[in-house]
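Peer 1: Mind looking over this structure? Questions follow.
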Amino acid sequence: MPTPPEAEKQQTGPEEADQPPSMSSHDAAPPAPPRRNPCCLCWCCCCSCSWNEERRRAWRASRESRLQPLPSCEVCATPTPTPTPTPEEVRSWAQSFDKLMHSPAGRSVFREFLRTEYSEENMLFWLACEELKAEANQHVVDEKARLIYEDYVSILSPKEVSLDSRVREGINKKMQEPSAHTFDDAQLQIYTLMHRDSYPRFLSSPAYRALLLQGASQSSSEA
């Protein structure tokens with residue numbers, strides 16, 4: 001018959017056997033690998049996207065401390081005096097974007113407005129394309145097409161305009177044999193961008209409202 005101490009040992013033995021063995025410092029589980037930061041992946045994806053028009057304006061605004069005087073020429077080639085618009089002409093600019101763009105004075109005022117929004121390159125590109133389409137000499141066409149590409153299409157240019165990938169691919173193919181219409185699709189896209197994005201703000205701008213008031217005052221004085 002077991003003595004009381006032996007009986008106590010027999011009762012406690014099974015309970016100790018059911019308990020899991022303790023881990024020593026050598027048997028400790030390896031630390032969990034660090035979690036990847038999901039923001040890194042998102043950041044990479046964002047960087048692969050092209051800047052939209054708002055980001056371009058903000059980027060240029062942060063790098064330009066002041067505006068330089070606007071040259072009197074339209075494409076900075078041959079200086080010409082800026083025409084003075086009539087009151088009727090100024091009012092017609094609000095009727096349609098086409099009327100604004102077909103007016104030399106309208107283009108000049110609108111270009112000045114685009115400069116304040118840091119998107120003047122859109123107008124410069126459109127004007128350069130208009131000059132290219134009027135050129136008949138193939139050697140001149142080749143040179144002008146190259147300059148337009150370097151100034152407004154190349155991703156290395158500070159004056160790069162916002163074009164989608166389809167239009168860019170088309171330009172790259174056409175640049176193998178440039179013609180006067182190499183940039184037609186791109187010109188239409190930039191024209192549409194100015195029409196939808198910048199034109200409504202121009203009509204509400206202080207500059208255009210001042211021209212309207214000036215024209216109204218002029219009409220009243222003549223009456």
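The backbone N, Cα and C atoms fix where each Cβ goes, and this holds for glycine too.
What Swiss-Prot records for 1-30 is region 'Disordered'. The compositional bias 'Low complexity' annotation in Swiss-Prot covers 20-29. Residues or ranges marked as phosphoserine in Swiss-Prot (evidence: similarity to another entry): Ser24, Ser103, Ser157. Among the features that Swiss-Prot reports, domain 'RGS' is placed at 96-212, with the record citing sequence analysis. Feature annotation from Swiss-Prot assigns region 'Interaction with GIPC' to 213-223; the stated evidence is similarity to another entry.
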Peer 1: Out of Ser103, Ser157, which of these modified residues shows the lowest number of other CB atoms within 10 Å of its CB?
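Peer 2: Checked Ser103, Ser157; of these modified residues, fewest Cβ neighbours within 10 Å: Ser157.
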Peer 1: Rounded to the nearest angstrom, how far is the Cα of Ser157 (phosphoserine) from the Cα of Ser103 (phosphoserine)?
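Peer 2: That comes out at 29 Å between the alpha carbons.
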